[in-house]
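Notes follow the structure.
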Amino acid sequence: MDSNGRVFEDFVPPHSMVREPATHTLTVDLTAAGYKKEHIRVQMVHSHRRLLVRGERPVAGNRWSRFRLELRVPDGCNAKAIHARFENGVVRVTMPGIAPEPVQVETGAAGHQQDPSPQAKTAAAPSAAQDQKDAAAQQQDGDRAARAGGVEDEGGKKDEAAAQKQEMRQRPVSSPKDGGHDHDDAGGAGEVTAASPPRQGFGFLYDQRRKMATTVLGVVLVLISLGIYVKYSLWP
């Protein structure tokens, strides 16, 4: 008996827990006890993951009927998504399971699914590294070919310059007899005249002659000085 003078008759209603792969469902049968929706309360104690189903109703006079069920929420159930329903004297409490996180599957260009496993990612990493190495090797080969081409071009320019110099040396030089004009292939009737020595040869001969003249002049001066000395030293 409580403070209000009510006398309670406690009982345990028939109940069962149905375990399914995705959800768990608690069923409490109150059809024979005469309970209505307003007589029942369903509560969730989140701190202890406990589910509480209770109810009470008047019977006659100060006599009351009541029940209380306290169950632990199974692992893998989403406590925030639990919901209850009362229908035809039966209480059904649904406890949905926690939905697994979706796995993102990448698709290729042709719409085929790619393997997202770590083994596939690990195998793809060496392939990408090998592609980078091949690209670097091709770039190095291209640079070497470019450098080699540059050397060949420079060598070709040098050969061309040497050929022009040789051609200038072999060209015939005009003489006073033919009026100072160069011999042409058509006008010279195929004759080839000897090329004049380069100007550097004339400069060399001029230097040699100047040195010889200076030497002769020095010898003459020495002889004249010697004669004067002998003349005045032997004849008082």
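Just so you know, glycine gets a Cβ as well, placed from its N, Cα and C.
Counted with DSSP, the domain 'SHSP' (6-113) comes out as 6 helix, 59 strand, 43 coil. The domain 'SHSP' feature in TrEMBL is assigned to 6-113.
The region 'Disordered' annotation in TrEMBL covers 107-199.
According to TrEMBL, the compositional bias 'Low complexity' annotation covers 117-140.
The annotation compositional bias 'Basic and acidic residues' is assigned in TrEMBL to 154-170.
Annotation source TrEMBL lists transmembrane segment at 212-230.
Mean pLDDT, taken over the domain 'SHSP' (6-113), works out to 88 on the 0 to 100 scale.
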